[in-house]
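Student: Per Swiss-Prot, domain 'MtN3/slv 1' is recorded for 6-90. Per Swiss-Prot, domain 'MtN3/slv 2' is recorded for 124-206. Positions annotated as transmembrane segment by Swiss-Prot, on the basis of sequence analysis: 3-23, 36-56, 65-85, 96-116, 125-145, 157-177, 181-201.
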Amino acid sequence: MDWMWLLSGACIVFTLGMFSSGLSDLRVMVAQRSVENIQYLPFLTTDLNNLGWFYYGYLKGDGTLMIVNVIGASLQSLYMGAYLLYSPERRYVGSQVLVSLGVLLLGYCYFTLWILDLNSRLNQLGLFCSVFTISMYLSPLADLAQIIRSKSTKCLSFPLTVATFLTSSSWVLYGLVQSDLYITVPNFPGIVTSLVRFWLFSQFPPDPPTYRLLQA
């Protein structure tokens, strides 16, 4: 159906738009040759999440999931590579990457060699990916509480909030059409947290930029 192609295209475009938000951090790292004020953990967790969903899409034969997540994993790996290049704590960050790769390899061996039934493999992998995605969407809640206390949204990105809302909404619809709760359920928190952010922007709008008047 044509509308299904449109929905798949929307999922791809919105999700890649959300993933590309890290390009601003990449430009800062390259321009300043520094990783100051840039967090590394979101790149790593998003990369692992992308790889998990890519494998799920591969087992299910879902091209939309595969396209989105292979590009997403490539972008996150690019961000991590730049971070490793300019980080003064290169050894510590590198050790985290190696540990994560080890966990990823163990997970792959578990799902591939231990669970032989395809349906069981899909169910267990889908559950794992869903829980991981939900935890990522809910992790900024502490930051949102801090914003309420400080009554300032300076640390929030409005374009990223819009991208997250559109991405989560499109994947919820996609999961409903596919009758796949492992896709539908974990994206509901993304909608909820985005709506909370919109409310915060309405309650505590960012300060307008100030301009110095030119003296004649």
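Using N, Cα and C of the backbone, Cβ positions are placed for all residues, glycine too.
Please situate the listed features within the shown structure.
Tutor: Residues 19, 22, 25, 28-29, 62, 65-66, 68-70, 72-73, 76-77, 79-80, 83, 87, 93, 96-97, 100, 104, 107-108, 111, 122, 125-126, 128-129, 132-133, 136, 182 of the same chain sit 6 or more residues outside the transmembrane segment (36-56) yet have a Cβ under 8 Å from a Cβ within it.
Beyond the ends of the transmembrane segment (96-116), by six or more residues, the same chain brings 40, 44, 48, 51-52, 55, 80, 84, 124-125, 128 to within a C-beta distance below 8 angstroms of the stretch.
Away from its own ends, the transmembrane segment (125-145) comes close to residues 45-46, 48-49, 52-53, 55-56, 59, 107, 111, 155, 168, 180, 182, 185-187, 189-190, 193, 196-197, 200 of its chain (Cβ-Cβ under 8 Å, at least six residues beyond either end).
Outside the transmembrane segment (157-177), and at least 6 residues removed from its termini, the chain residues within Cβ reach (under 8 Å) are 4, 7-8, 10-11, 14-15, 17-18, 21, 64, 137, 183-185, 187-191, 193-195, 197-198, 201, 206.
Residues of the same chain lying 6 or more positions beyond the ends of the transmembrane segment (181-201) and with a Cβ under 8 Å from any Cβ of it are 56, 65, 126-127, 129-131, 133-134, 137-138, 140-141, 144, 147-148, 153, 156, 158, 161-162, 164-165, 167-169, 171-172, 174-175.
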Student: Do any residues, 6 or more residues outside the transmembrane segment (3-23), come within under 8 Å Cβ-to-Cβ of it, and if so which ones?
Tutor: 43, 46, 63-64, 67-68, 71-72, 75-76, 79, 157, 159-160, 163-164, 166-167, 170-171, 173-174, 177
